[in-house]
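Below: one structure, written as structure tokens.
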Amino acid sequence: MTLFLVIILSYLIGAIPSGYLIGKLFFKKDIRQYGSGNTGATNSFRVLGKPAGFAVTFFDIFKGFIVVFLPPLFNVEIHGVLIGIFAILGHVFPIYLKFRGGKAVATSAGVLLGVNPILCLVLISIFFAILYLTKYVSLSSIIAGICCVIGSFFIRDYILLFISMAVALLLIVRHTSNIKRIIKGTEPKIKWM
């Protein structure tokens, strides 16, 4: 019963749509009506600007990070990533917004930060290196997700490996339209790096 409560809490925390809330509260905009229609950090940067984009990124990372520590709080023995996956799913399919959310990059990073900070920092470095070279957030996210699978294998955390494979697949599926635009040469590049 307690495990079920932790899972539900993780999902509900992950489902908090920070991009939507910041857009509505501070800009009187429904971010889903602009840009990619996505509620995540990248669309927040495009539609709401840098300060709001950084705020959304922080909150999305934080909600992924915090849920990893729910199991010990409730005396549940389980790998943090097995609870974190529900925050990731909450971010992608938020009950508060009719299950239409973000792509889960920042929330996934938050979960990984809570589970394995060193691997997370390595992946953040890879993400920014690819971003610097290509200016594509989507491509950087996908490559970092795939590198998480490889990193999990090398550190022999097989639970993290299994979940990171699922998350990498989710990232690829959620970025399908971005991949098509990259191939066509129409994917927007970031301008701030």
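Positions of Cβ are set from backbone N, Cα and C atoms, glycine also.
So that you can see what the record holds, here are the features copied from TrEMBL:
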type	residues	note
TRANSMEM	6-27	transmembrane segment
TRANSMEM	48-70	transmembrane segment
TRANSMEM	76-97	transmembrane segment
TRANSMEM	109-133	transmembrane segment
TRANSMEM	139-172	transmembrane segment
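Proximity of the transmembrane segment (6-27) to the transmembrane segment (109-133) is not established, fewer than 3 Cβ-Cβ distances being under 8 Å for residue pairs spaced 6 or more apart. Per-stretch counts of Cβ pairs under 8 Å to the transmembrane segment (109-133) identify 139-172 as the leading one among 48-70, 76-97, 139-172.
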